[in-house]
Ligand code: G4P
């Protein structure tokens, strides 16, 4: 076992053994492959290749993501649970494209740590950097996996230096690669003084560990060719001199990232990374909420919705709300209070996502992610408790930066379009505004690609070809204030008024000047670029 740091010694063991994390990476760095290997070691799948195969199968079923295949991006997120070495890992998948940052931000509110995967030949790429910044906002601990070491890669010091420079975080090597490209034979485990050798012949084979007694051990020479050994000794000595030693507390605080080198496709380095997540990835953390924080060890159950996914199974038109358990020990069938509506909800069919299949969750502990099928009652940001009025905070809502009009190809299908759009609005996939004057809808998103995804989903899930077109508006502001003041304002500005999917009033315009004017002329009103998720 590795020495770990616990910032919460009083946690019940079932909670303390949970590790809830996400993988952040630039497309193509190896996130899917690494996930596959996690599941392989976690015993969730028998054979590598199934995640991809099943993922493809699911996609062709709901097939909204033809684009995902075409463009090689991952836009649908899910959660997976598996056991490894006494730990329960909950891996929350993050969408991989920058246009989906809304979803990504929210996903990252549900995890306690992130694994950053980089390609050894490419280093820190744009998307990694962006996602890293999001993690930093939350001070999430980050563990780094430098992948594809079986290919020509950059010099190890250069990679580490680039991470330190670009991301402003201390990097400590948890392992050190031996040889590069074709000559790469494995790693020296800096934390356990072991030699891990890669098996190139069998990609699914767990690497062989060779215990050695420090770098002077003559056993090293039996396994490492002379020229590589010389280089290894020199580099490790330099690394120990120049780079900071592992400080588990600093990792927990998000100031230091340990880096493992490996090759996901060759199953190499993955086990060490998983051991590392167990040892240095934090146990479930307290959740910020109003009027008080929720601690994971509290007896009573609390959880919050961080994602809603509709039409996971097109046959059922269901929605699944992904809930991060924040405290307590949940059991299937429990009645929880839906704090926003103050209504009780019997949670009778919660699902756990084991590998890519859903399974009924009989129980869940703080840190777990469960899916709750529902007909739309559960929305992003909602809290479920055993009665206490707690509302989670920190789940961001984003200002729509791009607005477009949308029409059904067949005007007779306007009602269907409305239904589809409302559903996506509730999922948090877009903001949908219905102008007071005229027909049609205006959709607001953060990134251009979201329009294409929406068009594709509406066509596939609702059989409705749609057209997005330029809108006369470019900005949206939510309007709040006393009822009479809002009414007066909407009556005087009808051509600019719309309602969102909750029926809240929104002011649409293309000029900042208009917004300034409203602020000046209607001092009783508040105009905001985002709407808090919580009601
Ligand atoms: P992503 O989810 O981050 O986008 O990456 P993914 O795992 O799909 O990996 C991207 C490509 O990199 C894949 O190749 C994958 O096989 C390859 N790859 C992943 N890990 C390693 C590694 O350790 N070494 C090497 N050499 N390659 C690796 P592809 O050709 O795009 O797909 P495929 O035909 O292999 O499935």
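Positions of Cβ are set from backbone N, Cα and C atoms, glycine also.
Annotation source TrEMBL lists domain 'Tr-type G' at 16-285. TrEMBL lists 25-32, 93-97, 147-150 with the feature GTP binding site.
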Using DSSP and three states only, what is residue 25 (GTP binding site)?
strand
Can you see whether DSSP assigns residue 31 (GTP binding site) to helix, strand or coil?
helix
Tell me, by DSSP, whether residue 94 (GTP binding site) is helix, strand or coil?
coil
